[in-house]
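This report refers to the structure that appears directly beneath it.
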Amino acid sequence: MDYNVKDFGALGDGVSDDTAAIQAAIDAAYAAGGGTVYLPAGEYRVSGGEEPSDGCLTIKSNVYIVGAGMGETVIKLVDGWDQDVTGIVRSAYGEETSNFGMSDLTLDGNRDNTSGKVDGWFNGYIPGEDGADRDVTLERVEIREMSGYGFDPHEQTINLTIRDSVAHDNGLDGFVADFQIGGVFENNVSYNNDRHGFNIVTSTNDFVLSNNVAYGNGGAGLVIQRGSYDVAHPYGILIDGGAYYDNGLEGVQIKMAHDVTLQNAEIYGNGLYGVRVYGAEDVQILDNYIHDNSQSGSYAEILLQSYDDTAGVSGNFYTTTGTWIEGNTIVGSANSTYGIQERADGTDYSSLYANSVSNVQSGSVRLYGTNSVVSDLPGTGQQATLEGTTGNDTLTGSEAHETLLGLDGNDRLNGGAGNDILDGGAGRDNLTGGAGADLFRVSARTDSYRTDSASFNDLITDFDPAQDRIDLSALGFTGLGDGYNGTLAVVLNSAGTRTYLKSYEADAEGRRFEIALDGNFAGLLDDGNLIFERPVIEGDAGNNALLGTSAAETLLGHAGNDTLDGAGGDDILVGGAGRDTLTGGAGADLFRFDALSDSQRNYTTGDNQGDRIVDFSVGEDKLDVSALGFTGLGDGYNGTLAVVVNSAGDRTYVKSYETDADGYRFEFSLEGNYQDLGSESFVFATPSGQQLLEGSAGNDSLQGTAADEIVHGGAGRDTLSGGAGADVFRFSELTDSYRTASTSFADLITDFDLADDRIDLSGLGFSGLGDGYDGTLAVVVNSTGTRTYLKSYEANAAGERFEIALDGDLSAFTGANLILDERVVLEGSDGNDTLDGGSAAEELLGGAGNDSLDGGAGNDILDGGAGRDTLSGGSGSDIFRYDDALDSFRNYGTGVTGTDTITDFTPGEDLIDLSALGYTGLGDGYNGTLAVVLNGDGTRTYLKDRESDAEGNQFEIALDGDLVDRLDAGDFIFAEAAATTAIEVVGGTPTEEQLVA
């Protein structure tokens, strides 16, 4: 039955207060057992009750409020209302309400003409009590201009649906789902809200978000999070389709939640990350288009990081694990660092498969997790690893996709259901894949072998040639054949019950590779189910077009102007002679040059045969020039290569300025601007003088050559000879060479040359030569003049004191023969200094005065000293060090400020060293902690001590940019480890707020 509010006295004239009339219609419908309350087109003014929880209008079971359409029927809060309203329309507080809803109208909070916190729609049962609202439906509802939340279904609700609705210009979130069970948000739009577009929070589970759109919101587009109570985390959330763009923070943030799937969405143009997974488990990110995020600074398109709540309401540290990222297209903006990045904070077991990543600045993928994997192929789904021991283990998988590692011993591995990877390791192993497409991996020839008299081969019990595979790529076999010349023979036993893959070529111990498969597989094994070494795609002397596949391949162009495209896989591309165009495609590709003439240019004749690399990805791809003798980057002379960007900034040349007899010099180009291209992107030849002779833990005898070598004996009593050349003898631990009161374990250097050789002690903390005390080393020659000792007389707790023996009388040994600290020191004065570092690792000491320090490239240490200093680390992992609390301070009483500004601090890479000042962690700025505070316009972050010294000075540092959500204890060197506590944001909008009725 329909109940028209005008029959109950409502006017809808935009002036009169229609609250009582509309409520009377609702009550009448409820009293009749249910019905539809109809509001014709018009503006209906309403007011709140005595308590915020009274709301304006209370909807009841079996009642639906229906208007004439969004924007046609408007329910608007009266002008001048100055109290909180927890729902202009809401279900009754403390009552279970069911089968109710609203459609085809607009709720207007009249934000500009009211005060107090006003929410639009609110429903839900008492938090923490038994009971729930049920079967709630909202369709085609617009909620606007609320000072609080738009849609706020809050606390226990079962089976809520909100579809085809809009929330905009609200003071907090557009849509909230707080402790919703089995609900749906479908085809909704949330825009221009002050905080998040959608906020799914507080134990919500089994919830679907389908084809929703969030844009232009001040916070994130969509957040899945626990909230600020210590309650069960959200789980079982499906985000399918939709778009999340142009939001101030992340496009999508998944925080303290588990079993969340994000798929088929477009996420772009957001201020921070496209997607951030933050202290969450078992998140799947599938088949999304994520692009052009990081609009407010340098961020990854997808970030995986753990969440430290040890100082929060739970006291727990939530590690991000089990993230599955597959089939996404990721295109960076000019600011995007990585396509996908893990933080080095315990985040692990991430699985990345078949993602396309392009146009990022630092690299496609950055993983720190020991068990995290990345591949260009579709994933088999390994989200757990079962690992054995050196003994005889039995490992049994589940229905999930797992990796089973037997290690040593005679192991029994059973993958169960799922697409599993089984690697028995050493020993005679029994391998059963179970259901699913399984991969049996052999990592060494001695993992499965036989001799002339005994068998130590593994047995695969259930190989399915239609879907299973055997990975032999690590063993160097080239394919099937007669078992000779690097091939494997397929041999069936006489009973036809067992098939062997075997080599007839034995190693020095008489071992030849062999693996057994239960069953008759004669004629069924081929390249489709056996993975051998990298295939080669080869051209000829003509102009070839070579196209790879999704597998890892080697493409050889040879002569001619070739076009090589690796497509997927970790490929090797060798253009050969001619002017070649090289595209690696997806994967970590290697572009290799085997001769100087492979890519060359003659500036006299104008002949350009330089190769062009179309899609080089820093941090993932490599440039191999090791065969050409180049030893590093530099000015293009003396065996170095110069990096030069053209005037348009769209092409980078890597070139030598040294020509051959015909006037040609080596040169190739990269499409794009790679002005910061570093040596880590290259495979260089070993520089002269840098060959490393490395010993073991035993008593080694290392003999150098005529080259310049680094000789490192390691532990044990070693005999070291550098040979001719300028050699460096390196000692990295005190126990590499030492003696006790009774016994010598000192290394002996037999041919130390005072003119050319040096001893590297830079890792041991010695300050120089002296009397052997106070961190110095004494030079002592024995009585016969046949041996010289470099020794310390200060012993450690075990009675060990450093000592080296050198053959001969080397009493002329000086500090110039020692390497104690290679870092160059640039030191200012008491005035206002400008110190500019170079490409090396340097220490910049400003001293007194208002100094400007710029580290340039290299891993630098910057210490501004007293005064109001400006510190820029430049590229590299830099340390900003403070030795005195008055090096950077503010006095709020006198108005005097001596606050340093760090212009380019990069969390996760740079460090701030406060260990000398006694601070123990981040916190509220009291009791030895520092508060993290954002200024009002969000452009500068402060580290503040709230406690003053006797003169009223408070230690304070300024960091350019909004780093509030990015700083944690790992970015600092404190006096002692301490848990990170909550951080304060001044003038900014937090990403999380306790939702309170």
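Easy rule for this one: first residue shown is 1, then count along the chain.
Cβ from N, Cα, C; glycine included.
Secondary structure of the repeat 'PbH1 1' (133-155), assigned with DSSP and counted as helix (H, G, I), strand (E, B) and coil, comes to 0 helix, 17 strand, 6 coil. The annotation repeat 'PbH1 1' is assigned in Swiss-Prot to 133-155.
Mean model confidence of the repeat 'PbH1 2' (157-179) amounts to 96 (pLDDT, 0 to 100 scale). Per Swiss-Prot, repeat 'PbH1 2' is recorded for 157-179, and the stated evidence type is sequence analysis.
Using a Cβ-Cβ cut-off under 8 Å and counting only residues 6 or more beyond its ends in the same chain, the repeat 'PbH1 3' (180-202) has close neighbours at 132, 150, 153, 155-174, 208-227, 229, 231, 234, 237, 244, 247, 989, 991, 993, 995. Among the features that Swiss-Prot reports, repeat 'PbH1 3' is placed at 180-202.
Per Swiss-Prot, the feature repeat 'PbH1 6' maps to 280-315; the stated evidence is sequence analysis.
Among the features that Swiss-Prot reports, repeat 'Hemolysin-type calcium-binding 2' is placed at 406-422, with the record citing sequence analysis.
Cβ atoms under 8 Å from those of the repeat 'Hemolysin-type calcium-binding 4' (557-573) belong to residues 354, 376-377, 534, 538-551, 579-592 of the same chain, restricted to positions at least 6 beyond its ends. According to Swiss-Prot, the repeat 'Hemolysin-type calcium-binding 4' annotation covers 557-573, on the basis of sequence analysis.
As annotated by Swiss-Prot, repeat 'Hemolysin-type calcium-binding 5' applies to 574-590, with the evidence given as sequence analysis. Remote same-chain partners of the repeat 'Hemolysin-type calcium-binding 5' (574-590), defined as residues 6 or more beyond its termini with a Cβ less than 8 Å from a stretch Cβ, comprise 355-357, 376, 539, 543, 548, 550, 552, 554-568, 597-599, 608-617, 620-624, 683.
Among the features that Swiss-Prot reports, repeat 'Hemolysin-type calcium-binding 6' is placed at 695-709, with the record citing sequence analysis.
Per Swiss-Prot, the feature repeat 'Hemolysin-type calcium-binding 7' maps to 712-729.
Swiss-Prot lists 828-839 with the feature repeat 'Hemolysin-type calcium-binding 8'. Beyond the repeat 'Hemolysin-type calcium-binding 8' (828-839), the same-chain residues lying 6 or more positions past its ends with a Cβ under 8 Å from any Cβ of the stretch are 845-858, 860, 865, 867, 874.
Nonlocal intrachain contacts for the repeat 'Hemolysin-type calcium-binding 9' (846-862), taken as residues 6+ away from its ends with a CB within less than 8 angstroms of a stretch CB, comprise 823, 827-840, 868-881. Annotation comment: Swiss-Prot describes 846-862 as repeat 'Hemolysin-type calcium-binding 9'.
Counting residue by residue with DSSP, the repeat 'Hemolysin-type calcium-binding 10' (864-880) contains 0 helix, 5 strand, 12 coil. Per Swiss-Prot, the feature repeat 'Hemolysin-type calcium-binding 10' maps to 864-880.
Break the repeat 'PbH1 6' (280-315) down by DSSP state and the numbers are 0 helix, 16 strand, 20 coil. Beyond the repeat 'PbH1 1' (133-155), the same-chain residues lying 6 or more positions past its ends with a Cβ under 8 Å from any Cβ of the stretch are 64, 69-71, 87-88, 91, 96-112, 114-127, 161-180, 183, 190, 193, 202, 995, 997. Within the chain, the repeat 'PbH1 2' (157-179) has long-range Cβ neighbours (under 8 A, six or more residues past its boundaries) at 70, 109, 111, 117, 120, 123-125, 127, 132-151, 185-204, 207, 212, 214, 217, 219, 227, 993, 995.
The repeat 'Hemolysin-type calcium-binding 5' (574-590): residue composition by secondary structure is 0 helix, 5 strand, 12 coil, according to DSSP.
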